[in-house]
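**Q** According to TrEMBL, the protein carries these features:
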type     : residues : note
DOMAIN   : 39-265   : domain 'MacB-like periplasmic core'
TRANSMEM : 40-62    : transmembrane segment
TRANSMEM : 306-329  : transmembrane segment
DOMAIN   : 313-414  : domain 'ABC3 transporter permease C-terminal'
TRANSMEM : 361-381  : transmembrane segment
TRANSMEM : 401-420  : transmembrane segment
TRANSMEM : 452-472  : transmembrane segment
DOMAIN   : 455-656  : domain 'MacB-like periplasmic core'
TRANSMEM : 698-720  : transmembrane segment
DOMAIN   : 703-815  : domain 'ABC3 transporter permease C-terminal'
TRANSMEM : 753-774  : transmembrane segment
TRANSMEM : 786-809  : transmembrane segment
Amino acid sequence: MKGLIKPRLKIGNFQMNHSIYLLKQALAGLRIKKSFSVSVIVTLGISLGALLCILTLAYVMIAKPLPYPDQDDLYQLNSVVTDKNRGRLGQAYNYPSLIQLYDTQTVFNPSAMVFYGEGVLSSLPTHPTVKATYVTPEWFSLLGSKMALGRTFEQTEEKDSFNPVAILSYQTWKSEFNLDSTILDKSVTISGTNFRVVGVMADSFIEPQLSGIGEKTNIFLPWDFNPYHLDPEWKSQWGGFNSQLSFVGKLDSQATISQIEQTLTTPFNSFWKDNVSDIARFEDWSMEMELESFKNAIVGDSTHTVLLLLAGVIGLVLIACANITNLFMSRTAEQQRQLAIQAVVGASKGHLFQTLFAQSALLVFASLVLALIVASCGFWVLQEYLASRFPRIDELSLNAFTLGSAMVIALLIAAFFARLSTNIINYRALNTILQSSGKGTGVQVSQKVRQWLVISQVTIVTILVFVNIGLLKDSMKIINQPLGFETDNITTFTLAVNSSNDLSDEEIKPFMLELRSDLLALPQVEDVAQAISPLRVNGIRIQTIEKTDERLSIESRYIDDGYFKMTEQTLIEGDLFSATDFKDENKLIIINDVYAKQLVSDGSALGTRITVGGDLLTVSGVVKGAKLPTETEIPMRAYMLTSQAETSFILKMKPQQTISREMLTSILREVSSQFYLQELNTLDDTKEQLLFTQYTTAVTSAVLAVLTFLLAAIGLYGILNYATQMRKFELGTRLAIGASRKDVIGLIVKDNVGAVCIGIVVSLVALLGLYIGFSDALHSYVTPELAGMFLATLLLISLMVLFACYWPLRPIINTLPIHSLRDSQ
């Protein structure tokens, strides 16, 4: 038995030593060819780094399990409001119906109610606005929450216990309280209510982004302290709906999803309908329960975006590999004498493959180090700037999937380059290389291979450049489209009222009048209006047209008499609100032209009477429609008078002037300690936030288009430069017997135009295939303008090809033919 083991050990040691020898030889050869090594490592490292970054993002979003126990059984239960005639109206809960659901359902165990809101942390000097999430205790057990300090909510914080305690997120504990170890002995004040801190979430806790991508809670508060639970009217408000309310739970039923939805819908809808039976506008309405898995609720439709991004990066990697393929083939041609010597002394084609594999493996794995650095930088960029665009982005890191994918990709690429280099070697001709001293019989890349490389480059670059130009154009169109109102030098802010004082509108009015007067007295302020930001949706109101009794869901905005003057929104007919209208709260309404056309197809809508919330209002004016940056069409919109107790303000600042949060807070304190600054933004900043996706798409598509174009240009130059050098003697001969420079350039262009045309045709077929396969998703992008974009893409490709054909010819056509003939000997 021992005799059998020793030979096996010797064979294993020999193979190990041989592998080390091959790696040493490859390293020695690559040190001589530093430019070749650097070109491969840098090109492959950057492209693979981008691929690993986006591949890891796709894995985290699509395949990685959620970091919660029993994640497959966790669901969000949505309340879908539908109209018998108009279909689905939206997704929102009626507050008392949600309470009834929580108290009576038996399908989930445990289950939790969640309300996503905001509050002002008034116990800190800067009065920062914080994201406050109001939850029942089961929320923490559902997520398997870990604590850095203290405890989660318990039975003492169950619904209707009204125990004022709070749990801080780790980030808030760090940023606002400097990791104070005595924080559990302190209290925080949110909108006038003191909450004793009983816990701090662990740094590793990952909150499910159910309220929106990138939304993170700063402080968790008991359910009882959400503003709707504290308001007796809302607790019995059957006609109101709120999209900030949520119901989550762990499914505890063996029935199918559709059966569970039906089981929940019947009593839920009946309970609500019984309580609104005397309200005519809800006669055709109903509510349905819709189950949505946690994963789907968190990821949403972001999967399509990341897959498109992944496809673009794969295209870049393919172009990079095509470029590197040309470098490897040229390198193989340079190694012909070394390979010939190995063949003479008995090396088989398999041995030559091992030699070339050692070389490619060294380069690919060296590039892998750079790729991992690039991927890590990509993770940082995504987490820093795109946290509001992609879900689960906080989970990005160099994990086992990233490293495993990197190893597999590296081995495949190294083997591909080694096999490609081996295949272009004419093994039988290696002996003649030594006999002829390497003249005229060197390893050459065949015309067929070169044509294939040109076709692949042109195909990929045409598709990617065309797609990216399209994305860039669409993004820039949205970014540059006029809104219909002015945003320059306009600042908006909103106040939060101390809920513990429960001030009435009549009590708030004098404070707001005093604040308005103080703001107008500031030297940097030109004008003041009371209204919410024109870049925010005010809400949907049911409006009934008196003449036809038609009920419409209209986006409604409450403003004062100075709103239109400040935003410079165009008046089409009628009158704007006057100061008297605002002071006396006259029953008037102004509508946009889209709404006016809905009311009266021909003629004027002035004088039309509309009922809103029990008030009969008269249309006094029609303004030109305005569109938010995120809207594709101008919606019907109505403007009604707010009261002097309005706590949202718009400031028209003088040119080059601003107002700070500290200054506003100081002015507010002088007016009353019962109000807190909740939000402060300029309209330009808000506009940029709303257009963040478009800006990101524009920059990403522009960068990808430029990188794709440059990589393809470099690749084509390398291929055609190699082909030109192989034909140097032929071209020199043509010039010597009278061919002009123009003739030689035309010859090279003619030889390559066929491959370029094939590449363009293949790219066109691929684009048509994409459209056929994803026609529903791409239908809105198909416009007559696409033809012009494709022609522009072809023009860029043509210029690139002409450059790649002409530039390598310059040393030949700009010197005497004798030099080309002599150098090719």
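Placed from the backbone N, Cα and C atoms, the Cβ positions cover glycine too.
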**Q** Under an 8 Å Cβ to Cβ limit, what residues of the same chain, 6 or more beyond the ends of the transmembrane segment (40-62), are close to it?
**A** 299, 302-303, 306-307, 309-310, 313-314, 316-317, 319-321, 323-324, 327-328, 363-364, 366-375, 377-379, 382, 390-393, 395-396, 398-399, 401-402, 405-406, 409-410, 413, 711
**Q** What same-chain residues lie close to the transmembrane segment (361-381): Cβ under 8 Å, and 6 or more beyond its ends?
**A** 23, 26-27, 30, 37, 40-46, 48-54, 56, 396-398, 402-403, 406, 410-411, 413-414, 417-418
**Q** Average pLDDT across the domain 'ABC3 transporter permease C-terminal' (703-815)?
**A** 79
**Q** Summarise the domain 'ABC3 transporter permease C-terminal' (703-815) by DSSP state, stating how many residues are helix, strand and coil.
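**A** Final tally across the stretch: 102 helix, 0 strand, 11 coil.
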**Q** Do any residues of this chain, six or more beyond the ends of the transmembrane segment (753-774), have a C-beta under 8 angstroms from a C-beta of it, and if so which?
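**A** Contacts with the transmembrane segment (753-774): 451, 454-460, 462-463, 466, 782, 794, 797-798, 801.
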**Q** Per DSSP, what is the residue tally for the domain 'ABC3 transporter permease C-terminal' (313-414) in helix, strand and coil?
**A** 86 helix, 0 strand, 16 coil
